[in-house]
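Taking it in order: structure first as structure tokens, then the write-up.
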Amino acid sequence: MRIPRIVVAGTHSGAGKTTLATGIMAALASRGRPVQGYKVGPDYIDPSYHAAATGRPGRNLDRWLLGSELPRLFIRSAAGSWAVVEGVMGLFDGMSGSKGFGSTADIAKLIKAPVVLVIDAVSLAQSAAALLFGFDRYDPDLRLQGVIFNRVKSAAQESMLREAIREQGIPVLGCIPQEDRVRLPERHLGLVPVGEEGLAPDYLERLAARMEKYVDLSLVEDIMQGAPPAEEDAMPEATAAAGAAGMSEAGVSETDVSEASMSGAGVSAVSAPFPSVFPASASSPGAASPAGASGSGPKRGIRLGLAWDEAFLFYYRDALETLAAKGFELVPFSPLHDTALPPKLDGLFLGGGFPELHLSQLSLNHAFLRSLRTFAQSEKPIYAECGGYMYLGRGIRDFQGKRFPLAGVIPAEAEMTPHLQGMGYREGRLALDTFLGPIGTVVHGHEFHYSRVLPPSGEAPAWQLYKSGSFLRSDGYARGSLFASYLHLNFAGQPEILDHWLNYSQHPVPSGRQESSKAADLSRV
């Protein structure tokens, strides 16, 4: 199968690869190319820019989270499109002690894609040759096919840069003038998601025009079309286990299905900040065959409410498609705008996002909070990650220390802090029997948060978290059919979790029996 593809990498964080990768996507799309955007690593926000530029939901390529499913998911989601992959951090930066496991270079080799290197040239001239020489020869298995110089100060500097690397035989695909550098809005978790104030309406049009002006897009297209055929059985084996010995903070985001199974209802009063998060039909552009899908098609009947609005928007596209393939009907609701949960739900999924930026509105939506509390008494599964975990507590204190009362489903308080409280890939082990699996079940996830939740002592945690094989801490809250924590998962990489969830929904365990299960002290395992 021919999939034109390219990886846009950087020498380091801040080189400009997010802007340039998004710009290339927008420019190719304006040329009529069906573009599918990807982000290396677990980042939720960059894919929102990719989606806005391409008209297709952005996707992630994360070896720790997706494991052996990654090549298959890439090929099936990229089929029929031109795939542009934005890297993470520097080209070779991966998990510590793992020889680049999960790095941009690692993913590029895994999907057999040519690489374009973005170099911040603001203070460079002839030294660019030494820099490019090292990146080109560091890994002989990598296909470095071009370079783009960013923040070039003058025509004279551009001439020096081009002359400096001429003998290396790597084409210069573009030189972006410093005055034309387009900055993306940022805040405490990185970039501001598309759809919020701060991004001009014509930003993508201007960005695409700059790429047309300063980048040789025809040569970029030639490089993409020169990528080798993509066949699942010809891809290198991708496993997450190889990186387990060296997990570090480095891999985390930088400043990083049938339509019949979907609910037709939209989120009240909410305009999604990028193309619908809900899986489209299998025949639609960019639709992948999800992990764990059977040939007979998905089951029906498990209505899963999905929090989706400006405060809760961190979901992986592949994870949602896997949910749908497993038989979950995704039903959107908005804690910000709705006055009640949708009817006849069998469970809830509250993902991460930015509840801390909408605390007043969330706290004042008393009708919805009452609806949520009533649902929590039904013993139907509630699964929450990060921002959703915080929202389920008694209240959140913002960055200024002001407290906003919230759901009170979890007997705990959350507070925002000025410093990162958790960032990195984690191995999670279930601390007790839950609807996600039996005690000791192992998952791969990640965390990235400035907040902390202070649960009461003696309550059972959801996970025992490990880093680099060593116990890190307990995390989250699990009781009965409620499961909430800071750990983000991608169900596409571990679909068996959803089998347990489905089985629980079809054969629920009385809360008394489940709560009697003794929580494990896995820190000594």
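Placement of Cβ uses the backbone N, Cα and C atoms for every residue, glycine included.
Not measured: the values here are computed from a predicted model.
Per TrEMBL, these features apply:
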type	residues	note
DOMAIN	6-189	domain 'CobQ/CobB/MinD/ParA nucleotide binding'
REGION	230-258	region 'Disordered'
COMPBIAS	236-251	compositional bias 'Low complexity'
DOMAIN	306-493	domain 'CobB/CobQ-like glutamine amidotransferase'
ACT_SITE	Cys386	active site, nucleophile
SITE	His488	site 'Increases nucleophilicity of active site Cys'
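Cβ neighbour count for His488 (site 'Increases nucleophilicity of active site Cys') (all protein chains, 10 Å cutoff from its Cβ): 23. Secondary structure at the residue listed as 'active site, nucleophile', as computed by DSSP, is coil. The average per-residue pLDDT of the prediction over the domain 'CobB/CobQ-like glutamine amidotransferase' (306-493) is 96, rounded to a whole number.
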